[in-house]
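To start, the structure itself, in C-alpha cells.
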Amino acid sequence: MNAVTAAPADPLPRLPASGAWREGDPPGRRRWHRLRRPLPLEAGGELPGVRLAFETWGRPAPDASNAVLVLHALTGDSHVAGPAGPGHPTPGWWDGLVGPGRALDTDRWFVVAPNVLGGCQGSTGPASPRPDGTRRWGGAFPFVTQRDQVAAERDLADALGIETWALVIGGSMGGMRALEWAVSYPERTGALLLLATTAAASAEQIAWASVQLHAIRSDPHWRGGDYHDTGSGPHAGLGLARRLAHVTYRSEAELRLRFGRAPQGTEHPWYGGRYQVESYLDHHAEKLIRRFDAASYVVLTEAMNAHDVGRDRGGVRAALRRVTAPTLVAGVDSDRLYPLSQQEELASGIPGADRLRVIESPYGHDGFLLETEQVGRLVRELLGPD
Ligand SMILES: CC(=O)SCCNC(=O)CCNC(=O)[C@H](O)C(C)(C)COP(=O)(O)OP(=O)(O)OC[C@H]1O[C@@H](n2cnc3c(N)ncnc32)[C@H](O)[C@@H]1OP(=O)(O)O
Ligand SMILES: N[C@@H](CCO)C(=O)O
C-alpha cells in the first residue's frame, strides 16, 4: 500500500485567478471562483481565502434562467462529464447524463458543477495553502458543515449571475447539499432532484463513517492531519476506509453473484492469497489513494455526519416544509447505506414532492451513479419538454 503514490497536494504558490463563464469557453474546462469575503462558519469563526473550482457545460441564457446545479458525492468532483485528462483524474462520473441530446441537454441547459468546499480537486480544503501562503491548512482546517459548503456555492452562483437554478440535483452527499440549497434558499431553487440521500445522517451512517475516520486517524502517517509536506501520508488508513465504505456502497447480492467465494486468479486464500472480492476492494482502495486526499476525506465525512437539515430549524419536518421547489426524490432499491425509508421521509415531508421514485439496480448505493438512464428519466420528467 505504501508503494502507491498519494493524490498530489495542491501546490503551494499556484492560485489561479477567478474566472466566470466566457463566450467560447470549452465545455468542462475547470475554472475557479474566489469568495469575496471570509466565509462565516456554522461551527463558529470564519474561513478566509476560500476558492471553489467548478466546471460548466452549455451556454447561459441572457438571464441565466437555464442554469442547472449538479452536486457531487463524497469522492466525486466537478468533472461530471467528459474524458479523463489533465486536471481530471477520472472520466466524468455522470457522463451519460450531460451533453447534447442527453437528459441534461447542453444545447438547452447551462450545467454548473463545483468541487465541494473541503474537497481536494481544486476547491479550498486541508491540502490548500492558507491565505498567507506560508503553510497548508492540514489539521488546522476548520470544521465545515453542508450549510457552509452551500453558502460558498451561493457565492459562486452570485458571481455567475445565477439568481435561480432551474434545477438543483445531487446524490448521496450531493443530495444533502441539494436539500440544503432548497431549504436555505428556496427562492433560488427552481426544481429539486434528490437521489439516495437523507434529511439527516442516521446513527448507522455515522457509525460506518466513524470507523472510516478511525482508520485514517490511527494511521501513524496521519500526524494530526499535518502530513502534506512530509512526503508520506495516511494511505493505508485511507485505503482501509475506502474498502469498508465500498462494501456499504454495493449490495450483498451483487458481491455474492459477482465474486462468490472465488479466489483471485491463482491465489489461494488459505496460503496468503486473496478472495476475488478482497482483490476488488484492494483495487478500489488503491485507486482512491491515487486521486484523493485523506484529510479531505475526513473533513467531508465529518460534514456528512453533521448533516441534519432540521438543526436550528425546529426539526426535520419543519425544515422540509420550507422547500417550495417542485421535487422528485428517488432511492435505490438495493441501497443498504441510504435505505428507502430515508427518501420516503423526504418525499412525504417536502410539500412539492411527487411520490417516492425507486431506481431498480443491483448495485446498491452506487446505483445513483451507475443507473444513468433511470436518473435521466427523472431529470427529463422534472425539467419537462423544451
Ligand atoms: C468513474 C469515476 O471514478 S468518477 C470519479 C468520481 N467518483 C465518484 O463519484 C464515485 C467513486 N467511484 C465509485 O463509487 C464506483 O467506483 C463507480 C460507481 C464510479 C464505478 O462503479 P462500477 O462501474 O460498477 O465499477 P466496479 O465497482 O465494478 O469496479 C470496476 C473496477 O474494479 C476492477 N475489478 C473488478 N474485479 C476485480 C478483482 N477481482 N480484482 C481487482 N480489481 C477488480 C475492474 O478491473 C475495474 O477497474 P477500473 O475501474 O480501474 O477499470
Ligand atoms: N461511490 C460514491 C459513494 C458515496 O456516495 C463516492 O465515492 O462518492
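Just so it is clear, glycine is given a Cβ too, placed from its N, Cα and C backbone atoms.
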Where TrEMBL places region 'Disordered' among the ranges 1-30, 31-60, 211-240: 1-30
Recorded positions: D335, D366 - member with fewest neighbouring CB atoms within 10 Å: D366
Nonlocal neighbours by CB distance (under 8 Å) for R242 (substrate binding site), same chain, sequence gap 6 or more: L281, H284, A285, L288, I289
Cβ atoms near S172 (active site, nucleophile) (within 10 Å, other residues, all chains): 25
D335 (active site): nearby recorded positions from S172, H365, D366, Cα cut-off 10 Å: H365, D366
